[in-house]
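Over in TrEMBL, the protein carries these features:
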type	residues	note
TRANSMEM	A:17-38	transmembrane segment
TRANSMEM	A:68-91	transmembrane segment
TRANSMEM	A:111-131	transmembrane segment
TRANSMEM	A:152-174	transmembrane segment
TRANSMEM	A:212-230	transmembrane segment
TRANSMEM	A:237-258	transmembrane segment
TRANSMEM	A:278-300	transmembrane segment
TRANSMEM	A:307-327	transmembrane segment
TRANSMEM	A:339-364	transmembrane segment
Amino acid sequence: MGSGQISGQYVGKRGPLFGLAFTTALLTALTVGIYRFWGKTRIRRYIWSSVSGDGDAFEYTGTGVEKFLGFLVAMVVLAIYLGIIQTILFFFGLTLFTEAETMAQQAAQVLALNITFLAVVPLIFFAQYRARRYKLARTRWRGVRFGAEKAAWGYSWRAMLHGLVTLMSLGFLLPRQTFCLAKYKADRTWFGDAKFEQRGKWTGLYPAMKQLFFAGIILVLGAIVLAISGQGAVGQLVAGFFLLIIGFIWFMIGLVSYRVRSLDYLANHLVLEGQHGQVRFAASPMTGTVITTMIAGGLAASVLSGIALSLVALVTGAIWAVTGAIIGESAFQPGVTELVGLTAFAGLYIGALALSGGLILVLVTQPIIAHIVKTITVRNTGALAAIRQRASDRGADAEGFADALDVGGAF
Amino acid sequence: MSWVSGFFYDGETAGRHSVTVEMEEGAGALLLTGPTLDDVQRWPLHRLRALSDHARETSLTLTLHARTKDESLRVAARLIITDKDLIARLKKLCPDLSRQDMQVGSWQKIVKCSALAAGALALMVLVILPRMANTLAELIPVDREIAFGKSVTAQMETALGASKLGDLHCSNAEGNAALERLVARLTKGQALQYRPEVQVLNHKMVNAFAAPGGQIVMMRGLIDNATGPEAVAAVLAHEIGHVERRDATRHALRAAGSAGLLSMAMGDFTGGAIAVFLGERLLQASYTREAETEADAFALEMLNASGVDSTGMADFFNQMQKLEGQGPEVLNYFSTHPASASRAAQARGNAATQVETTPALNKKDWAALKAICG
């Protein structure tokens, strides 16, 4: 084994990122959504440049122009495909229609009419893979590009099958889904001319599911207590509902715990195969830290948004009143005050969304990214220096499909 | 001229080179030298670019502008400097330091692709999907359409607050007989594809609907507010017009096809929901206004054929106009029905040409129909 170890660092601050998120959100609203491609790009540049290893920051090289163009092309394809497929699927839903006699049949028919969502499912996974490939193709460290192979359709049908299997196994095969899809993606990921490889076994993810199993047991117990409690047994009824509530909260925590701990397992079994040796990884994020950040940050963001909103509402109310006073009762034209009020309301609404979006990014998302990055270590970094540059990837649709189908996330 | 130290990445390998950076102001270039570099690197100041939106405030990452096929028109090499004085001098000396270079022809591409996307969307929503819906609506077997219509009216009842199906149905022997006589009079001698099944619901709303497959729903409020049996006859004839044209089925198909296309175009940006809502309203209105106009024409012909005075229809629209209030003109584009005033005028014009008319229902039947929910 070679030598050298790098720990992840994160230097991003709240102030500059909030300013960036707030201004780009306002510009997006002013341009009826068009600026969002540039906005996302700028936020990514900031966050990427905040992450560093051994003092060398990551770099995001994507551009707003290519994202916008990719989106327009995706629009053409999706408008034609979705329009036609949705109409035909709905038509087949209709031709299968028979008279409903029970409420259950009625519900089944409503479901049959919503069959059109099937048209989007394969595209969503396709778009997710493509978005990942684009982001990797636009990420550099020490001047060398990351990259992913073209395999979006292969990912799409695998993701659908795994999802179906997990559903049919009542969630017991979730680790298999998580691991196989992570391996499919990791094994097609490159840094320069070095390929990543996901090692380990899917059964290795079962310990990560521990909290989910506990939650499941509590939920089942609650259901049993409710089922055996007679009509009059108030105590049992209360106990049953109490167990269900506890089980639900535990389940939510369990989901976060599963994501955090599976990240840990996957990172510890990830290898980068360089010409001069293997680079290995480790990550040890804490579930407690992530959950505390989500709750405390989310609360702080809501409180701050609330305070700011009340202030702005006061000012808007004052503007409205002043407008009314200036126009006066006699010269009052129906519609003018309404127009001022409506404009003020729209401005307030957009400002509020921009504000809370920025606060969530700064108080929840960024701290979680920072926490995860700081727990990452890279070993045998001596092998990194020999890794050579890879050819530039045009990035296909520059995640236009993900933007159109809205599977991209905040940035 | 003094020198400062920096880090250099050659864009070829992931190795880090420690370099000394010298400013040659006379030659207008930065000189990079280092023990691990094969050659001296000479970076012209006018081609220098710095990375923007960067989180690190104390350092500057530099690169060179170049006509590459790359996304960002920059060479792959990077130079990182932390010397405050040099950073300040570069910011002063290089006017293009923070320029975002774009590939030649980017703007033409943007214009072309925007036009293409807008065109494709408009073509789908305004031409292809309506035509597909029209064709497919004709292909659905009538019994399936009737089943679909029944499920639509069942859902409508639930939405109006019926705790179980049939709760809101208005039905008594005399009322049903009167309603049947009215429908029979209107449809007599007409070659209809569907047998209209009319249901009165106990609700104060002044409205009537035509669901797919001949399922017509009339609200109690409409009968209560009608000026006479001719008004109810006109509304029924109008709804039968929708039924015969399979409007409800076609609209359902069209809505299913265009679902989400607009929100896809607008995206989930801040405030986008408002724009999508207005756009969808506008689109739906343009579909239905045309259908309403044709159903009106159908209704007038039906009234003429059965000898029912269309003054009742005119009165009904005048009354609707009063109920709607006086909205600004622009709202017409968002409204799903044509302006009531012009519809009333059309019905009145038709009434002037009608030669021989008799009351739609006799006094006793009209009283029975009014009492159907009683």
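The backbone N, Cα and C atoms fix where each Cβ goes, glycine too.
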When you look at the transmembrane segment (A:237-258) alongside the transmembrane segment (A:339-364), do they share 3+ Cβ pairs under 8 Å, ignoring any pair fewer than 6 residues apart in sequence?
no
Cβ under 8 Å, sequence separation of at least 6 from the ends of the transmembrane segment (A:212-230): give me the contacting residues as numbers and ranges.
171, 174, 236-237, 239-244, 246-248, 250-251, 253-255, 257-258
The transmembrane segment (A:278-300): which same-chain residues, six or more beyond its ends, come within Cβ distance under 8 Å?
194, 253, 256-257, 260-261, 263-264, 267-268, 270-272, 359-360, 363-364, 367-368, 371-372, 375-381, 383-384
Residues of the same chain, at least six outside the transmembrane segment (A:111-131), with any C-beta under 8 angstroms of its C-beta?
78, 81-82, 85-86, 89-90, 92-94, 96-97, 148, 151-153, 155-157, 159-160, 185, 396-397, 399, 401-402, 404-405, 407-408
Could you give the residue numbers and ranges of same-chain residues that sit at least 6 residues beyond the transmembrane segment (A:237-258) on either side and whose C-beta is under 8 angstroms from one of its C-beta atoms?
174, 208-212, 214-216, 218-219, 221-223, 225-226, 229, 287, 290-291, 294
State the residues, same chain only, that lie 6 or more residues beyond the ends of the transmembrane segment (A:17-38) and have a CB under 8 A from a CB inside it; answer 'none' if no residue qualifies.
46-47, 64-65, 67-68, 71, 350-351, 353-355, 357-359, 361-362, 366, 403
